[in-house]
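**Q** Reproduced below are the annotations present in TrEMBL:
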COMPBIAS  628-638  compositional bias 'Acidic residues'
REGION    616-638  region 'Disordered'
TRANSMEM  20-44  transmembrane segment
TRANSMEM  204-225  transmembrane segment
TRANSMEM  232-253  transmembrane segment
TRANSMEM  273-294  transmembrane segment
TRANSMEM  315-339  transmembrane segment
TRANSMEM  359-379  transmembrane segment
TRANSMEM  522-543  transmembrane segment
TRANSMEM  549-566  transmembrane segment
Amino acid sequence: VSELREWRPVVYRKCTDTLWLLLFFLFWAGLMFITGYAVMAGAAERLVLGYDSFGNVCGRRNTPVKGAPLSGRDMTNKKYVFFLNSCSLEMQNLKISSLSLCVSGCPQEQLNSLEDLQSFARNNGSCLCIYNLSISSYTLNPKAAELCPTLPVPPSKSFPLFNRCVPQNPECYSKYASVLISMVNEMDVFHRILSGILAGRDTVIGLSVLALAFSLILVLAFRFIRAVLVHTLIALVVFGMFFVSGVLWWLYYDYSNDPSTELETEKENVKFLLGYAIFSTIVTVVLLSLILVLRKRLQFTVQLFRIVGKIIGRIPFLLFQPFWTFLILIVFWVFWVAILLSLGTAGAAQTTSGEQVEYRALSGVCYMAWYLFVGLIWTSEFILACQQMTIAGAVVTCYFNRNKNNPPRHPVLSSISVLFCYHLGTAVKGSFLITILRIPRILLLYLYNILKQKESACAKCLFKCCFCCFWCQESCLRYFNQHAYTTTAINGTDFCTSAKDAVFVLAKNSAKLASICCFGDFILFLGKVFVVCFTVFGGLMAFNYHRELQAWVVPLLLVGFFAYLMSHSFLSVFEVTADAIFLCFAIDMETNDGSAERPYFVDQELLTFVSQSNKLTGGQKHRRPFQDNEDGTELQPM
């Protein structure tokens, strides 16, 4: 079938993979149901702002809870959570045993008596005793010792970790931090991810902006690339990898030899620092080896990016496509995090002994969280697939145009309209296949973390092999998906047919295309490593300032993940453009012979470049010389 196919961009198309698009709409209907449930049943502000033992959210006006007379208070001016027994906190069933109150300010000095508490309340307006105990009764009520904090009250500071008053006394500080972190460690992975996001939210946002800036700089550099820029990029990547590896080993040595490393969060940071350092060192060695092997093809790579830059020069709006994709991804991620926070706090208020209030998680929330997680992967991959199809469609329109001096008008807008009118189902199907391969990797990682204390060395090795196998399959599928999208942009066929035709063409021209795209993809990969490397280094420096309270392993992983997605989103313009050009070239060579009846679509510069590449790699010349032909009419439908 592929040999007889008429490879031309069709004008009159039909919708492809409609059932998959309908399935995606049904999946999003489920997401909307979970969103509505999370908004109605959840209260993300409880997790962000904190709440007292009587169900009052600090910094908000609250509604009363039945059976709790101290609930429903106006806490607009009381924004901080204060524990009455901050020096002797204990954990009981994931709950802190000490009473907590919402206060307007944390005590800056040690308070040794009830008179000091009374004076502090009158001078600062911050009452540290139970709400129904008036300030004048602090020294008169015989039960004041039970209704007020344990004396002496250590000096504390409002630390930006869930708006808690953190004691500054070294002994109390260590105990306080240990209890809070042990509470996080005893939670499931779902709540630990929430805690990690909230603990380093400001730093994560700042580092994501830094990754965006690095990605924009690289896009401009590749657009106007020269040989000196390639050498500069390689030098920066090598320097960055050596520098980050050295910093990681230094931090590991510093943490492991610190005598105050006693908390669980610090020990966990030490373990992950060792893992990061080993992984960074291995990547550095591998990249250096590849750079030494491929160093002779640098000039060839400059010519490749010059040709890609020429195509992008004809379609300048391609450079803005990743920006819109990035904005859409950011909006979706913010929406996803907001729903995750709301879902994580979905619980019913129940009155306990002592007229206190606790929130108990509702049944089924864990399953909804996994559904939401699948939605994160599938939708993110779908957005990236739409970007790939838009770029491929614009490149295909310009390539299969006889008059190179008169390119089509608005190829990007035309490609977007074709995508939304006909081929959204194809993008859905391709992104779903990526999701299917990624979910087992995440499940394996989840099981590995659960069983890492019990498993044998053989099971540990088996887990890693399976994880690596799924990663290789995902990488291969991404490569073929990209060419399937380009084939769909040309012929208007469904995903499976396009994938089969693309594999047929790639198999016949694998020797030519592999040698051309290999080093270009490697340089783009170095660009992604550059963004991730320097962003993670910034994260290490930022998170290193808060060693005790912040378990910064999860935020640092999020920073690396976001940095890679941003760099991939922006640099994929060059990757998709190059792959689309050479797939179109292979199809052009397969279906035309350069004669007057069947002239090539390719221009002279690209044909000369491919010929030189084949000579360099020992390949053979094309069967016929290129014949320039500016004649011809607009392409006709199949």
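Just so it is clear, glycine is given a Cβ too, placed from its N, Cα and C backbone atoms.
Mind mapping these onto the model and telling me what they sit next to?
**A** Here the transmembrane segment (20-44) has long-range neighbours at 57, 338-339, 341-347, 362, 368, 371-372, 375, 378-379, 382, 424-426, 428-429, 432, 495, meaning same-chain residues at least 6 beyond its ends whose C-beta is under 8 angstroms from one of its own.
Residues 197, 233, 302, 305-306, 309, 312, 319, 322, 326, 524, 527, 530-532, 534-535, 538-539, 542, 555, 558-559, 562-563, 566-567, 569-571, 573-574 of the same chain lie 6+ residues outside the transmembrane segment (204-225) yet bring a C-beta within less than 8 angstroms of a C-beta in it.
Tertiary neighbourhood of the transmembrane segment (232-253): same-chain residues 218, 221, 270, 273-274, 276-277, 280-281, 283-284, 287-288, 291, 523, 526-527, 529-530, 533-534, 536-537, 540, 544, selected by CB-CB distance under 8 Å and a gap of 6+ residues from either end.
Within the chain, the transmembrane segment (315-339) has long-range Cβ neighbours (under 8 A, six or more residues past its boundaries) at 34-35, 38-39, 44, 197, 212, 215, 219, 223, 372, 375-376, 379-380, 383-384, 386-387, 390-391, 394-395, 398, 407, 411-412, 565-566, 569-570, 572-573, 577.
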